[in-house]
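Student: Right, I'll just put the structure down here and ask away after.
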Amino acid sequence: MVETAVILAGGEGNRLKPLTEEVPKALLKVAGRELLYRTIKQLQDVGVKNFVIVVNKKFEGKVKAFLKEHNFEAEVIPNEHPEKENGYSLYLAKGRIKGEFAVVMSDHIYEKAFLEKAVEGKGLIVDRLGLYINKNEATKVKCEEGRIKYIGKNLEKYDGFDTGFFVLDESIFEVAEEALKEQKKLTMSELAKRAQIPCTEVSGYFWMDVDTPEDVEKAKKYLVKTAIKGVGDGFISRNLNRKVSTRISPYLVDKFTPNQLTVLTFLLGMFSALVAYFSPALGGILLQINSMLDGLDGEVARAQMRTTKFGAWLDSVLDRYVDFAFLSALAMHLKPSWDFMPWVFAALFGSVMVSYSTERYKGAYCEDAYAVIKELRYLLGKRDERIFMIMIFTILGWIKALFVVLAIITNLRVILTIYLVWKKKGNV
């Protein structure tokens, strides 16, 4: 596996203007994060430790400031002739690298699963399927006996698409040097063909190059769409809430931080509790809207690569406030008799304990309960399901029945959770 990567960021980004008038393409934000940040962090996640970044000379200062701001260690090489293309940019790294290394374009976005396989390949990483790209615009590759034979956008017969990711060794610099003696410009495609480097297929994963403003929007939508929670969502979240929130997140991901969205949805939840005291039906509808928006902070955090333990903790704490406040407001509106109060208290404490039981598991065992104890995913009573139930019952005016049902479902779920945790971890 390679431990060094050369990131080519020496171009001028003409097709992205006016977005690249003041910043280099590598520092352009897509879904709230700079392309260069995404590239470095994701390569670090798959084992790359050393970075060499070739940048346009006029943006050298901005790139160095960016690296310092984010505590990234990298050697920066200025390219005073960006018009000589990206093959020349790679040549500038000659003498700075030993052994095998990866080469990646700064304007490409890859999913982690792609990178995990790509760093184990050789030569040009080729995608046979090209599921997420414009195939007419993409650079095509024809391989013969495992090596590049032809490469270009206009090939009629080809084996796959150039992903912009290479795994090379020092011999590539000799080929580049010979080529530059014969010509003034050198692209990576020309260099790859001239060196007849190997082809390695990695197909079916997301990757794309961000070449135009339209590409920025396309990449943003994909990053948000794939930023939903892996496990733990209930039936309503999977089939309703996330279908709504993932359509809203692309409009917010460049404007808000995750914690800002956490606070805003908390305020909406508390407002729904206030409304519920006067109008339970309207309050229930507002609470369901709040539930549909509650995933925005997590989606934005994952799309922006800003997930933090504090953010998850804050979201969990504020959700408990909303749950308790809303049911308390309903109880005050109901003005229950003393003999009904046990149902009210059981519903209140049960609703809080459902979430507390799984959160406390995470604190005790340092792992997600839903990922380890799969039976928990199918137990009725998760927060999204309770809120949807609250909306239905309040619209129908069945407030007393709501407290009874919540009391039974939530506390039964907690009892079953205790049993399942004991069964899985009782001896730990």
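Backbone N, Cα and C define each Cβ position, glycine as well.
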Student: Do you know which of Glu80, Glu145, Glu156 Swiss-Prot groups with Leu8, Ala9, Gly10, Lys25, Glu116 in the CTP site?
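Tutor: Looking through Glu80, Glu145, Glu156, the residue Swiss-Prot assigns to the CTP site is Glu80.
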Student: In terms of Cβ proximity under 8 Å, which residues at least six beyond the ends of the transmembrane segment (336-356) contact it?
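Tutor: Cβ under 8 Å, 6 or more out: 316, 319-320, 323-324, 327-328, 381-383, 386, 400, 402-404, 406-407, 409-411, 413-414, 417.
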Student: Determine the most Cβ-crowded residue among the binding-site residues Glu80, Glu116, using a 10 Å radius around each Cβ and all protein chains in the structure.
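Tutor: The residue with the densest Cβ neighbourhood is Glu116.
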Student: Note down the number of other Cβ atoms within 10 Å of the Cβ of Gly10 (CTP binding site), including every protein chain shown.
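Tutor: Looking across every protein chain shown, the total is 29.
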